[in-house]
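Novice: Questions regarding the structure given below will be posed in turn.
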Amino acid sequence: MTVLQKIQSLREELNLHNYNYYVLDNPTISDYDFDVKLTDLQSLEKNNPEYFDENSPTQRVGGTITKNFETLKHDYRMYSLDNSYSKEDLLDWENRIQKALGDVPLEYICELKYDGASISITYENGRLVRAVTRGDGFQGDDVTNNIKTIKAVPIKLKGDFPEKFDIRGEIILPFAGFEKMNQDLIEIGETPYSNPRNTASGSLKLQDSAEVAKRPLDCLLYSLIGNNLPFQSHFEGLEKARLWGFKVPKQSHLAKNMNEVFDFINIWDKNRHTLPYETDGVVIKVNDLHLQDELGYTAKSPRWAIAYKFKSEQVFTQLNSISYQVGRTGSITPVANLEPVQLAGTIVKRASLHNADQIEKLDIRINDTVFVEKGGEIIPKIIGVDLQKRPSNSQKTAYITHCPECQTKLERKEGEANHYCPNFYGCRPQIIGRIQHYISRKAMDIEGLGGETVALLYDNGLVKNYADLYDLSVEQILPLERMAQKSAENLVQGVQNSKNIPFENVLFALGIRYVGETVAKKLAKHYKNIDAIANANLLELVMVDEIGDKIAQSVVEFFDNQENISVLERLKNNGIQLAISEENNTVVSNKLLGKIFVVSGVFEIYSRDELKKAIEDNGGKVGSSISAKTNYVIAGQNMGPAKLEKANQLKVSIISESDFSALLTS
């Protein structure tokens, strides 16, 4: 077998495994075996760049930067649907159809209406060539690079597919992924996303496709459009699409008459909460494509389809009290304590009130009868008050002025929605929350130590900050509740092992507000050690790539706090990694200091990653796009014509990889 044949074989095999895992939900190999095959393919492609293929499974991780999303015209207009809210509306719709068509037998396709971001994907000769958002229906944004990172979207089709066609669908964010993303945001003191739909839609417009690849997006496809397609009905088209490799929802149902449509609606109105993603109704379509053509379109929607919207999941109950939670960053979150009520298949006792502005906007008061809804079918929220049931002695809610835990006066910065407790080192939930964040998996990853144990250690006076962890002994821990010799030894050993955790993880573990994993990596890479970050001023920090005013101000405030500096000194004395280690800090020279490079194309001597590393190791900076600040473009084979044109317009030096090697050796 030749190298090319090996590469092609691995690509086909990995595409099949992706299909089995992400579309059929039926993996046939382990994650480990998949990763081994993917690594083999990456190695072969790296050593044989002449066989580069943008549609290879190795390109699913993203990495393309899109500064401006080009507007593209849809080959076929993306219409919206008329909505119906009752079965009478559906019967009226059927009567209009029968009046237009005459006395012909009708079959309907029933599909769940997914609440996500609509997308139109074009395939030519079995390959994905472009993906465009709905936009205004006539034109949308080109998000091809981002769509390619979604594993459920096939890059290359299989079977007897047509030469060219569009397929429409919905990009969705399953509940579990949405909850995980929000939990990660809450851990770093950021505001969580409002709902899965908006988060999915916003994800498609992220500039860095590598960031899109990290998000657990899914894609459900439900409509084919094109010329001379090899089927006569909508249902047959869906069956074909499945065979070609598309993820078509298995809930789609062929109904022989309107009574069967009603049965489908009734079933899913009751069972929609069992699904892993948002649905807000059912779409009903005439099945026969010839009849669809005959019915045609109004100015904004197809006559042959209609959406039935489920009633919003709302209940009313009494607001018994409002409590206030303190997060690890000091952020105050008001919580409504409700008379227990069933909503969307679960018993709801509490709902978030978000902040003081939300309470004032809705004029929410204790003992009110409130309307509760599950936002995105997940997070209960109060959406209104039944004023007719408000008690005559009702008092307007006065938002707390002092911390409910430590009684410190709260602060609210200009432009921020939340109030904060400034008692950073004296407020129990802040201290415990900060230590819990420090030990977490993505931070110091301390085994043998969990959140409840942290609270136990604090309440027994053994720790007041994360530096105290390194002074713990087995003898101190043993007397604590639920502690045995082995668990105490494991805890102490886990703490000691954390001394080997890299600097970027340590920086994230410190719990600086707005400094998440990505920002911590940027700061660690730029400044190399904690002292350099501590000494940086506001202006210097905002000059770092992707560091804005809010993050920079938070970093400055953290290092201006003398207690923080004292804790850092103790961490340093305990051997914590507060600088990039020599093996990771591979700066070879400063020959390229101050120079900005853009790398584009396929190369023979270096891989793209090797070029970027060589630039940074010699003091240079890698840019994501060509601008007036770019000094050099290193051009390989198949460099994009748009980049080439822009480089020439801006008179940026275009060099080969051989020229780059000469720069390093000069």
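Placement of Cβ uses the backbone N, Cα and C atoms for every residue, glycine included.
Feature list, courtesy of Swiss-Prot:
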type     : residues                                                        : note
BINDING  : D31, Y32, D33, F34, D35, S80, L81, E111, R134, E170, K285, K309 : NAD(+) binding site
ACT_SITE : K113                                                            : active site, N6-AMP-lysine intermediate
BINDING  : C403, C406, C421, C427                                          : Zn(2+) binding site
DOMAIN   : 587-666                                                         : domain 'BRCT'
Novice: If you average the pLDDT over the domain 'BRCT' (587-666), what number do you get?
Specialist: 81
Novice: Between C427 (Zn(2+) binding site) and R134 (NAD(+) binding site), what is the CA-CA distance rounded to a whole number of Å?
Specialist: 49
Novice: List the same-chain residues at least 6 positions away in sequence whose Cβ sits under 8 Å from the Cβ of R134 (NAD(+) binding site), in sequence order, or say none.
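Specialist: Sequence-distant Cβ neighbours: M78, A117, S118, I119, S120, G140.
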Novice: Which residue, of the binding-site residues L81, C403, has its CB surrounded by the fewest other CB atoms within 10 A?
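Specialist: Fewest other Cβ atoms within 10 Å, among the binding-site residues L81, C403, is found for L81.
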Novice: Among all the protein chains here, how many other CB atoms are within 10 A of the CB of K285 (NAD(+) binding site)?
Specialist: 21
Novice: Can you tell me how many other Cβ atoms are located within 10 Å of the Cβ belonging to D35 (NAD(+) binding site)?
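Specialist: Taking all protein chains shown, D35 (NAD(+) binding site) has 11 Cβ neighbours within 10 Å.
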Novice: In angstrom units, rounded to an integer, how far apart are the Cα atoms of C403 (Zn(2+) binding site) and the residue listed as 'active site, N6-AMP-lysine intermediate'?
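Specialist: Rounded to a whole number, the Cα-Cα distance is 44 Å.
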Novice: For D35 (NAD(+) binding site), which DSSP three-state class applies?
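Specialist: It is helical.
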Novice: To see if you understand the setup: which same-chain residues, six or more apart in sequence, place their Cβ under 8 Å from that of C406 (Zn(2+) binding site)?
Specialist: C421, N423, G426, C427, R428
Novice: What is the total of other Cβ atoms whose distance to the Cβ of D33 (NAD(+) binding site) is within 10 Å?
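Specialist: Here the count is 12.
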Novice: What Cα-Cα separation, expressed in whole Å, is found between L81 (NAD(+) binding site) and K113 (active site, N6-AMP-lysine intermediate)?
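Specialist: Pair distance, Cα basis, whole Å: 11 Å.
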Novice: Restricting to the binding-site residues D33, D35, K285, which ones have a CA within 10 Å of the CA of the residue listed as 'active site, N6-AMP-lysine intermediate'?
Specialist: none
Novice: For K113 (active site, N6-AMP-lysine intermediate), name the DSSP secondary structure in the helix/strand/coil scheme.
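Specialist: SS state of K113 (active site, N6-AMP-lysine intermediate) = strand.
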